[in-house]
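**Student:** So that we are looking at the same thing, I have put the structure below in structure tokens.
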Amino acid sequence: MLWTLLLALLLLLLLQTQLSVCLRELRSGASGSPLYSTPSSSSSSSSSSSSHNATQQRLPGAIIIGVRKGGTRALLEMLNLHPDVEVAKAEVHFFNLEEHFRRGLSWYRAQMPFTLPGQLTVEKTPGYFAAPQVPSRVWDTNPAVRLLLIVRDPAERLVSDYTQVLHNRLTQLKPYQPLEELLLRKGHINHGYKALQRSLYHLHLARWLEVFPREQIHIVDGDALIQDPFPELRKAERFLDLPPRINPSNFYFNTTKGFYCLLSAGHDKCLDESKGRPHAPLSAQALKKLCRFFRKPNKLFFEMVGKSFSWC
């Protein structure tokens, strides 16, 4: 009985030794010749990643924040003449529309153009300027962002604002009140009219200046941009720390349209037919009341920006 037990133990030891040898051989074989190798696919992936990373969608380094009907589209297209600038083609409305803001920064970045390192991404949404929640949201996203505010005569802006809304309503076959009915109540200026509120530049700028330093906001003269674009573009280049690349030869006056168009690399581009649309009529008496109303708000705005404009 004892011999039987000893023999069984001996056999178990032999089997254990043989099993260890087999396991060592298996490990050695696995490390020496893997089941599958992907050197070519790895190389291809690295090349593809490098190619894709040459351009990236980046958050804006500059934003045109307004004003509505102040010339924001013209300013964006003119800045896009610069080789170091790429622009978001559509108004993004990220910071002022809750449905967009809830989508987060990844969604916002996905709306931006692809840019090379060193290029500046610019987006414009004129609705940002008058929306109370926007300044702090922009600051929280990028406190170093540069802001461009293009302004024009607030009375002219109001009439242009009404004209656009009127055109949209007529296109949709919807009725819309005449301008003077919206602007005046019992012969006095209607302070609640939204288009009027958007022209109170000092109120909206005050909210931005609670968050951003004044030197981070560049004021563009929208009336001067229409009459002679180049000087305003040169100032914008300096504000954005861009090398001077936009020239007077990039602009020509289109006598048919009545405003300047753009020239770049032998191609010309004019703003669409909605620009330069004839304004809705406003009586001389109503315009006089409107200009009188804007005197004090305009004076406050001039003091805030350290510059006066020839308005009304």
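Counting starts with 1 at the first residue shown.
Each residue, glycine too, has its Cβ placed from N, Cα and C.
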**Student:** Disulfide partner of Cys270 per TrEMBL: which of Cys261, Cys291?
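**Tutor:** In TrEMBL, Cys270 forms its recorded disulfide with Cys261.
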**Student:** Tell me the Cα distance separating Cys261 (disulfide bond) from Lys69 (active site, for sulfotransferase activity), rounded to the nearest angstrom.
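**Tutor:** Lys69 (active site, for sulfotransferase activity) to Cys261 (disulfide bond), Cα-Cα distance: 18 Å.
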**Student:** Between the recorded positions Lys69, Cys261, Cys270, whose Cβ has more other Cβ atoms within 10 Å than any of the rest?
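**Tutor:** Answer by Cβ density within 10 Å: Lys69.
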